[in-house]
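Listed in TrEMBL:
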- H306: active site (ACT_SITE)
- D363: active site (ACT_SITE)
- 407-427: region 'Disordered' (REGION)
- 417-427: compositional bias 'Basic and acidic residues' (COMPBIAS)
Amino acid sequence: MSKTAILEIDSEKFELPIIKGSENEVAIDISKLRDLSGVITLDPGYKNSGSCTSEITFLDGELGILRYRGYSIEDLAGKGHFLEVSYLVIFGELPTAAQLEHFETNIRKYTLVNEEMKNIIDGFPKTAHPMGVLAALTSALTAFNPKSVNVENEKEMYEAVCKTMGKFLVIATWTYRKTMGYPLNYYDNTKGYVENFMRLMFELPTEPYKANQVVIDALDKLFILHADHEQNCSTSTVRMVGSSHAGLFASISAGVSALWGPLHGGANQAVLEMLEEIHRTGGDADKYLDKAKDKNDPFRLMGFGHRVYKNFDPRAKIIKKAADEVLATLGVDDPILAIAKKLEESALVDEYFVSRKLYPNVDFYSGIIYRALGIPTDMFTVMFAIGRLPGWIAQWKEMRENKEPIGRPRQIYTGHPLRDFKTSDKR
Ligand code: CMC
């Protein structure tokens, strides 16, 4: 392939560099196009625009490939653990046993959240959605950690990573305890990260808590599957906010808000609510399939379709298998699962879904598994956020280390031309 692309505008030719990625992805570098020609490119929703180069995650939506730092998601979910995969995503290499031990020890140093944060949680109504509370609490962490990290100082950056990993998990679970009226509890530094998640969520002061290893292993896998997904909506948000040199907590708080939307991470909650509604109204999955296809009906089949996967979402394949195993091991017989299976079977052979390449995505199955593990529906998107945290951190770190410029898209103005101001009596 040639090294440049030629763009012709009004018989004038402009030569633009072609950039090639390590997996042969090709981009035309238009960063100088406006300087050269006065013209910009327009791409609403960035369907065809790369915002950066990145070494973190490789994704091929046509072939259904997902890799973190060159390792396949199948290998990582099958053989790895969440903290070592987090280390890989953030620092670029799988940790040695000593590095992993050091990482865990350092995360533990930061698992105590300032007691004054409890006053902030107290201010929320019990009915507040956990994602709204999580975004606010993550942002509030800035107030307790006002010193912004010097990204060029390796030690400071490492500490900021550990601090974020430690504190975010605790406040994420506190959002649930708030809705339940449970006392806020503490991380147990003698236990693992994912086991702590379960304890932090469900341990009560009135009785000893017994962790279930099947549940912990399933959650660990789910967190790995969510750890990064290149330039999705929330990650792009984190990079964009961070590009103004806003701090890590502030940027991640913005990512939490972006993730909450039902077209992004909020879909896992929406899937379960959809399945419950189908069950409540008699279990007719085909009726909902028809609704999704009806262009006069805004309803979409939640958990189907993806901006980049035009083939099966590889994460969905792994979760589907894990869901079957976990449900069998825990002995869960859930009518919601039967409805999900029926929906999936019908959609996969339906012309509307087939022609648009709409396959089940990660959120279609994750909700079912979370439900089987006893995670409340309102917390599903928080689970996604916990899993995605290493990806957000890694992308923020990479963006700052690469000294990327402030994110500032342009636009094509389509409003009124210059108008004279008329005083109100003349309008
Ligand atoms: N149900 C029915 N029709 C759909 C759906 C759906 N779930 N998704 C897309 N379509 C149709 C859409 O109406 C359009 O049809 P037409 O060409 O006739 O106008 C066509 O498929 C293309 O859709 P699009 O909206 O242009 O596709 P997109 O790439 O902009 O949107 C999406 C991707 C994920 C937002 C969308 O598929 C969707 O809304 N899915 C449901 C929500 C969901 O499950 N989100 C989780 C995404 S995976 C987790 C994550 O990474 O956040």
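Along the chain as shown, residues are numbered 1 onward.
Every residue gets a Cβ built from N, Cα and C, even glycine.
The shown structure was predicted, so the numbers you read here are calculated from the model rather than taken from an experiment.
Reduced to three states, the DSSP call for D363 (active site) is helix. Outside the region 'Disordered' (407-427) by six or more residues, the chain places 34, 40, 42, 51, 239-240, 243-244 with a CB less than 8 A from a CB of the stretch. For the active-site residues shown (H306, D363), fewest C-beta neighbours within 10 angstroms: H306. Look at H306 (active site): DSSP puts it in coil. Shown for the compositional bias 'Basic and acidic residues' (417-427): DSSP residue counts in helix, strand and coil, namely 3 helix, 0 strand, 8 coil. When the alpha carbons of H306 (active site) and D363 (active site) are compared, the span between them is 10 angstrom.
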